[in-house]
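Novice: Starting off with a structure, shown below.
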Amino acid sequence: MAEKALEAVGCGLGPGAVAMAVALEDGAEPPVLTTHLKKVENHITEAQRFSHLPKRSAVDIEFVELSYSVREGPCWRKRGYKTLLKCLSGKFCRRELIGIMGPSGAGKSTFMNILAGYRESGMKGQILVNGRPRDLRTFRKMSCYIMQDDMLLPHLTVLEAMMVSANLKLSEKQEVKKELVTEILTALGLMSCSHTRTALLSGGQRKRLAIALELVNNPPVMFFDEPTSGLDSASCFQVVSLMKSLAHGGRTVICTIHQPSAKLFEMFDKLYILSQGQCIFKGVVTNLIPYLKGLGLHCPTYHNPADFIIEVASGEYGDLNPMLFRAVQNGLCTMAEKKSSPEKNEVPAHCPTCPPELDPIESHTFATSTLTQFCILFRRTFLSILRDTVLTHLRFMSHVLIGVLIGLLYLHIGDDASKVFNNTGFLFFSMLFLMFAALMPTVLTCELICLAKMAVFMREHLNYWYSLKAYYLAKTMADVPFQVVCPVVYCSIVYWMTGQPAETSRFLLFSALSIATALVAQSLGLLIGAASTSLQVATFVGPVTAIPVLLFSGFFVSFKTIPTYLQWSSYLSYVRYGFEGLILTIYGMERGHLTCLEDHCPFRDPQIILHELDVEEAKLYMDFLVLGIFFLALRLLAYLVLRYRVKSER
């Protein structure tokens, strides 16, 4: 015995291993080994944690003969339609965690998008909510969709993001909202990182935050698209446990999941398995293996049932899908479930046929007014811009550095009659720089081009956080202060360094025209970004649209020398009105003669300069008026394009 102990010690084993070796040598029972590891009870799955949420009526969803088709190819080529979903029927009840499974391309996400109301055109069949035909607007107010990619605004903290959600979704007092947010964060294990920016969260924390944002108003129906995608096993278990607790709290929770582990698979209450757009199984999880066995498909021992059904659907055991389709259509799934659970032949108590009355919140479009939504979104967007230090600092420093460079290049030429054309070149370049400085950043950071921001907007808007007009106004107006400050900084540098007239009125007009031109360019950037389908398209279209705008600005070619059939193009150039206004500001308004340091100065009289540049009949107020019209028209057009894009997503 001593030799065995010494041998165990010699092998580097610890005291516990030595004791076990000795006990085994004596033929005794091995001692129970205790370690420092202890399994901690996961309280995040307790439904009681969510009892504080606002009370909402439970919802059951039923779908009958549901089909979905899309047009193949472009609309101008009539190639027919492709059917993605075929004759799907079933019922998803409250207090159940339903998993939609299937191989890649089976139609899982399409199916859930239709159930959530994100897809309408091309759908056939009927969807019932609590036994009544679904009213899409009402249904979207009582449901939420948590997408696969947890796109969050990176510059907000967890607490700030939650308060934005609470302020938009609830009409209670601020103290009640704060208490509710604190309780949700505590229940989901996010309180410790409440002051951490969302960009620094882990994958599991981001997923839980995405759920927390939608839990604020306690939606009775929750859709999850691949909630475990990209997470480790521990985070996957936490997320699925959380979904199960939400379901057992009275909600209808539906999620797509690709290939869960056996541990996660057993946590689902019911399954709806798709293959090639058709259902191959629907029912409780425990019925899957007996059901397949009855069809002659035996799952190997110790094999994950989720893996087995995916292998069957993928054709690894032959083309068995037609047989599975017929079995479901003939009602074998329903009969198998009744056979295994005779007590379930009657309708469960938690899946009533009489629809309950909807909550008062469902009778309103949004929980808050458009003005309140605008104020909340404006503050959030403005805060995000301020915290985006890279972009904000680059914008500010570029105006300062370019301003100093231009000031040094055109130093003290503003009152020199022999350098009039150099001065007009300075005025035109100022318009050129301010145009591109406002146009391109807007194009490249537009919501519909930046996928992250687009996903955030689509999730929040389609989950009925706010209206499209409130979001658009807040988004566009939040950037206006920066489009005012940057041109003013640039003008304050170049105006005095280049020696322009030392009059306050002229400087203010110079700055106002610069700001107006920058705002119009920003509006054009919004339109280009909203209309472009990709970043590459927007990057190409932005500079291309600037070419005719600059060409017909009046600097390269005067209006009189433009061919008659092209003169109309000059009226569409907003740079023309900005440049024309600057010429009138610097050389108009009854300015006195310029300083002449040479023997002959043909442009000493400012009126001659105005005549030469073909602006002597122009009116300064008209330039401001036309720039204002451009600003409003482009903003309105960008809004209409955004609205069209949002509708086309459905």
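Every residue, even glycine, has its Cβ placed from backbone N, Cα and C.
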Novice: Topology question: in Swiss-Prot, are D416 and I562 both on one face of the membrane?
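Specialist: For D416 and I562, the topology recorded in Swiss-Prot gives the same membrane side.
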Novice: Which has the fewest other Cβ atoms within 10 Å: G102, G107, the binding-site residues listed?
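Specialist: Among the binding-site residues G102, G107, the sparsest Cβ neighbourhood within 10 Å belongs to G107.
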Novice: By DSSP assignment, list the helix, strand and coil residue numbers for the topological domain 'Extracellular' (415-423), in that order.
Specialist: 7 helix, 1 strand, 1 coil
Novice: Given the ATP site residues G102, P103, S104, G105, A106, G107, K108, S109, which other residues of that chain have a Cβ within 8 Å of the mean position of their Cβ atoms, reported in sequence order?
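Specialist: Neighbours within 8 Å of the Cβ centroid, excluding G102, P103, S104, G105, A106, G107, K108, S109: L274, S275.
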Novice: Minimum Cβ neighbour count within 10 Å among the binding-site residues S104, S109: which residue?
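Specialist: Output over binding-site residues S104, S109: least Cβ neighbours within 10 Å is S104.
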Novice: Determine which residues of the chain contact the topological domain 'Extracellular' (498-507) at the Cβ level, with the cut-off under 8 Å and only residues 6 or more beyond its ends counted.
Specialist: 406-407, 410-416, 423, 426, 491, 585-586, 589, 591
Novice: So which of 424-444, 508-528, 537-557, 622-642 has the most C-beta pairs under 8 Å when paired with the transmembrane segment (477-497)?
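Specialist: Selected stretch: 508-528, with the most Cβ pairs under 8 Å.
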Novice: Give the residue counts of the topological domain 'Cytoplasmic' (529-536) per reduced DSSP state, in the order helix, strand, coil.
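Specialist: Summed by class, the stretch gives 5 helix, 0 strand, 3 coil.
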